[in-house]
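Feature annotations, reproduced from Swiss-Prot:
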type     : residues               : note
BINDING  : HIS354, ASP356, HIS419 : Fe cation binding site
COMPBIAS : 17-28                  : compositional bias 'Low complexity'
COMPBIAS : 109-119                : compositional bias 'Basic residues'
COMPBIAS : 123-137                : compositional bias 'Polar residues'
COMPBIAS : 155-168                : compositional bias 'Basic residues'
DOMAIN   : 308-453                : domain 'JmjC'
REGION   : 1-168                  : region 'Disordered'
Amino acid sequence: MSKVSSIFDTPAPDPRPATTENGAAAKPAARKKKSPAAATKKQLIDQLIREMSQDEDNNDSVDQAPPAKKSRKKADSSGNNNTSKSSVKDKPAKPKKPKTAGLKIKLQDHRKHKEKLRKSLQGVENSRQAAASTSMLEASFNGDSLKDRSNHSTPVHHKGAKAAKKNKNKSHIMPLPLTFTPSKVVVKQEPKTPRRPTMLNVEASSGSLDSVEIGREKFSWVIGPSTTVDEFMAQFWEKKPFLVQRNDPTYYANLLSRGKIDEMLRNNNIEYTKNLDVTSYREGVRETHNPDGRALPPDVWAFYEEGCSIRMLNPQTYLPGVYEMNVKLQEFFHCMTGSNFYLTPPNSQGFAPHYDDIEAFVLQVEGRKHWKLYSPRTASEVLARVSSPNFTQEEIGVPILEVTLEPGDLLYFPRGIIHQASTVPGHHSLHVTMSVYQKNSWADLLELYLPHALSQAAENHLELRRGIPQDLHQHFGIVHSDNETPTRKDLIKKIKSLVDKIFSEEAIDVAVDQLAKRFQHDALPPLLTDQERAQTAYGANYAFNPDGTVPLQTAFTERTTIRLLRRNIVRLVNEENTLRLYYHTENSREYHEYEPNFLEVDQDAALGVELLVKIYPETVAIGALPVEDKVEFAKSLWEKGLIVARGE
């Protein structure tokens, strides 16, 4: 039998000074409406056509973008300047590759193209019966590891040859609401979860093609079985800790083990500091013991035997189980999903008390570890945006929760929750900390929004461009902050009225695009099923003819059906008077190893992308795309691994 400690109900008095708020549990979220992916294709197309009609009526909100240059020069990594003659703009990569045709750079009147897209959406519905194979990929992407891609197609953007940076994705744990001083724990009895033969196939039951739904199923597995995703998000997310005690030591066993760690160290060039830390916390002193160079097994295990903790900063790069979990969860959360693992010997502690800037999910894999959680000390530390320094035991107060995790258990706590953990006598500990929502708050969005909104407002409002009063400095600043003169009060009213002019709905779109663009750089490359690989560029078959030609055996026609590989695989962004299509199929499993990947497209090609985004996970025949050179457009996306394609 497993027990799931779910809800920290009755708040106990806070023994520390009353500097924090009392966080009440949120009401369960209302059931969401069916997503477009769950509706019939006809309903989806009708809905999109109505949206296009409304957009056409609201002409004042659509800007006419100036035409962009047909080509531009960019320096490659060796410092040479190259001019791309291809209709696809890119920053040059090192080896010269065949030209990718299809996407020109030219911004035109958006309203005309919206009308074209609306007609194309109607055409998709009309041709639905004619396209016999519009349902692609019978199973979700459940776990074949992505092989190294061959560089046979021309990159549409430049992937910078940036040296691998020091990995910053360290164990961080996201902030949490203010004082939740728990006491009573509701315990539910559940049958023991049956052992899963392979972690890579446990979510295949729904058969969904929507990558967000597949990610939701993976998250349900992480927090399950007795609490649903909706219940968790309504009652615990960013509010208070959540504990699951499963009594199932095999639940997370396929993620990693000491044996897999040893194999990883032997077969890969794991470096101290960049990939792995050796730490200790003794008598109130936190130390890092990293030597230089490669972390070889004899040295790492010697540190471990001496009582040091081992922290791996990017296990998803080397361990397939962790990679499979993270790559699915990033689709659900639509933000960077990181992981660290921590291996701690018996009777020891590796880290001082602290809080982190991420939402933390602790997945206990081996051994036992005793955890202590503490409320944020002040209101400003609730859902903290920056991780804390190390604290002394005297600075953190009394624990709100103490628990010993055993294999198969889960502990979640929001950012800002102070925590520390140590192994118990006679038991080592191995756990994975999965982290999400770093720098993904409303404040982070508004930091992107305000510069755009202010710039736009200054163009539209003369009052914002007028000069400030000559005597403004005599009424504001530290020296004058306690003044209550009539002039100061009038100026405050004036400034408030100017701030009111800054709001811009268009700037919200720009800011969200920039946030989503950041995700494209942060994201792990997608994990493909065998069937997906066969229908993408990664599984392309070529004929090696006696005459020396190497033709592609996959024929693209207007009856070929396509769809995006993942819901969040691309983001169309308007920046620098150019439409750019950011994507992450060419990312490395190592965080920010390369510069962001993007294609530069014209308005015609952008409408084709917009159609694919809006009908996902449905497919569309190439002949129904609202672009001029339909087949070349589809090939350009296919060559970058962005779509799956199925012939007649």
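Keep in mind that glycine also has a Cβ here, set from the backbone N, Cα and C atoms.
Take the CB of HIS419 (Fe cation binding site) and look out to 10 A: across all protein chains shown you find 22 other CB atoms. If you count neighbouring Cβ atoms within 10 Å for each of the binding-site residues HIS354, ASP356, the highest count belongs to ASP356. Mean pLDDT for the domain 'JmjC' (308-453) in the predicted structure: 98.
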